[in-house]
Each structure stands twice: as C-alpha cells, then as structure tokens.
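Participant: Attaching a single structure in structure tokens format; questions to follow.
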Amino acid sequence: YSCPQLEDIVSAGLKAIFLNDPTSPAALLRLMFHDCQVQGCDGSILVDLVNRKVPMEMASAKNFGIRKRESISIIKSMVEEVCPQQVSCADILILAAREAVVVSGGPFIKVPLGRRDSTITPSNELADAMIPSASIGVDGMLHIFASKGMSIEESVAIMGAHTLGITHCSNIVGRLYSQNGGHEPKEMEPGFAAILKLACPLESLISNFSFVLNDPTSFAFDNMYYRNAIEGHGILRIDSELALDPRTASIVKHYATYPVDFFQVFSSAFVKLSLSGVLIGNQGVIREKCNAIN
C-alpha cells in the first residue's frame, strides 16, 4: 500500500534487462534461492565485500557464478525515485525472481510483501554451511525444504527451478569420474553421461568456467526437468535421484505428465521459500542502497 506502483516499476525495469541478457531470469532465480537459504530472505547477498580480511556471504565458494546482483540495485534506484525509503531490497529481489519465472513461461505467483533488509551480513562460513552442496541427495533436500514448511510435493516442485539455466562443470566432474572409477553413475543414461564427459573433461583446468545446459529448453520454465530425470538425463545427483527414490518418483512422474499441476505446486513452494526467515515490522531496515548496509 505504501508504493502501489511497485510491481509495475519492477516489471518495466526488468524488461530491458531480460532483453539485453536472456540468461538473466535463471540468474535472478538462483540469486533469490541463495539469499533465502542463508539467514533468510533479507537481501544480505546483495551487500558488497568491503573488507577482504572479514569474508562475507558472497565470498562463499558456493556463491561462485552468482550474477545480476547489480540488476536489483538498478531496480531499487527506480523504485526510490517514486517511493523513497518504502520498499526493501529483499522485496525487490523476490519480485525480480517472480518476474524471472513469468517471463520464461512459468506461472504468475502472487507473493506477500513487507520484508525488510538485514543490518548484518552473514559470514562466508555460514553461507558455506547453509547453501546446499552440488552433491546433495533426496534426504538432504527434503530436510532443507521441510524446515521451510514445504510438503514432499512442494519440495519436488521447487527443484523444478533447475529447468532454467546452466550447471558448472566443477559441480559435476566428481560425480562423473571420481566415485565411479571413471564409469558413469548408475542412475545416468550412458549416452548422456558420455555427452557430459565431452563437455566436462576430467583433465580440464577450466572446469570453473565450463558448463552444460540444464536441459534442452534451458531458457523456458517448463516441466522438462522432470522428463529429463525420468530418462536418466539428470545432471546433478539430486536431479537423478528424485526420479528413483520411492518417496519422490511418483511425484516426478506426475509433474512430467501434468505441467499445470507442477506450476500450481511450484507457486505454493515459491511463496513458502520467499517467507523464509523474513524480517518484518521493526526488524531490520529499508536500505537506501542494496549493496551496502545503511
């Protein structure tokens, strides 16, 4: 109510960003996930490092490849022109992630607003501990999302965000080579494993800069993630195990068959994630600039 034009401003500001860089939606969605996993959805991931002797959240190795933080600052400056000191960076980040889903063909999600920004930035150690590793399995995934109030169906649905974007080779070379003596993981279709090995050779010295597309429609928010998992084309361990674990296999099959149901449950899961650890009322602040504590 304090800024009725907010959603229109965010949507208009992001249009130019999306047109200029079609990888932006995936980057903004990932940015929201990483922010909400560490200390809650409070915009802390947007704060720049100011003292390299005191490593902060963005110094975490698990935040490698995080992009588009500056896009939130751009939108924030547009909002400040119309509604000064009324809207938090945390709210803008959630709305940007919502727009990223919509512009990619996903559902429109109505999200509650009123978050405030953090006044402290978490350490890189906390980020390392809280952001899931690339080797997480079904047990770990269900535990993380259950702590945010999600059902099993919602937990499987929120993983569908992996339908957008890329996966860095550094996150899968261990899965492709080390644990299996050079053989592909048993849950991965052999032909697909061979393709990944060509894209991510073990001897590569630039695996941090090499990547593979998450699926053939990596710019579209659709249910291809689940269809890939069923066919043995899951890239990360969790992507493959979801289609095999007795607790989640039937849900994966359902979402692969009924995209409308996937969209509906994903929307519910997205809202629950966006409410994780939020600061409201007299908690936190509304930052004037997203990349610095007031």
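Each Cβ is built from the backbone N, Cα and C atoms, and glycine gets one as well.
Bear in mind that the values here come from a model prediction, so they are computed numbers and not experimental data.
Sharing the feature lines straight out of TrEMBL:
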type     : residues                                 : note
DOMAIN   : 1-294                                    : domain 'Plant heme peroxidase family profile'
DISULFID : Cys3-Cys83                               : disulfide bond
SITE     : Arg30                                    : site 'Transition state stabilizer'
ACT_SITE : His34                                    : active site, proton acceptor
BINDING  : Asp35, Val38, Gly40, Asp42, Ser44, Glu57 : Ca(2+) 1 binding site
DISULFID : Cys36-Cys41                              : disulfide bond
DISULFID : Cys89-Cys290                             : disulfide bond
BINDING  : Pro132                                   : substrate binding site
BINDING  : His162                                   : heme b binding site
BINDING  : Thr163, Thr217, Asp222                   : Ca(2+) 2 binding site
DISULFID : Cys169-Cys200                            : disulfide bond
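Help me understand the surroundings of these features in the structure.
Facilitator: When other Cβ atoms within 10 Å of the Cβ of Cys83 (disulfide bond) are tallied across all protein chains shown, the result is 15.
Cβ neighbour count for His34 (active site, proton acceptor): 21 (other Cβ atoms within 10 Å of its Cβ, all protein chains included).
All chains included, 25 other C-beta atoms sit within 10 angstroms of the C-beta of Val38 (Ca(2+) 1 binding site).
The Cβ of Cys36 (disulfide bond) has 26 other Cβ atoms within 10 Å, all protein chains considered.
Around Cys89 (disulfide bond), taking its Cβ as the centre, 31 other Cβ atoms fall within 10 Å, counting all chains.
Around Pro132 (substrate binding site), a 10 Å sphere centred on its CB holds 17 further CB atoms from the protein chains shown.
The Cβ of His162 (heme b binding site) has 25 other Cβ atoms within 10 Å, all protein chains considered.
Around the Cβ of Cys169 (disulfide bond), a 10 Å sphere holds 21 further Cβ atoms from the protein chains shown.
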Participant: Under 8 Å Cβ-Cβ from Gly40 (Ca(2+) 1 binding site), six or more apart in the same chain: what's there?
Facilitator: Ser276, Gly277, Val278, Leu279
Participant: Using Cα-Cα distances with a 10 Å cut-off, which of the recorded positions Glu57, Cys83, His162, Cys200 are near Arg30 (site 'Transition state stabilizer')?
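Facilitator: Of Glu57, Cys83, His162, Cys200, within range: His162.
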Participant: Using only C-alpha positions, which one of Cys3, Thr163, Cys169, Asp222, Cys290 is spatially nearest Val38 (Ca(2+) 1 binding site)? These are the recorded positions in the record.
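Facilitator: Of all the candidates listed, Cys290 is nearest in space.
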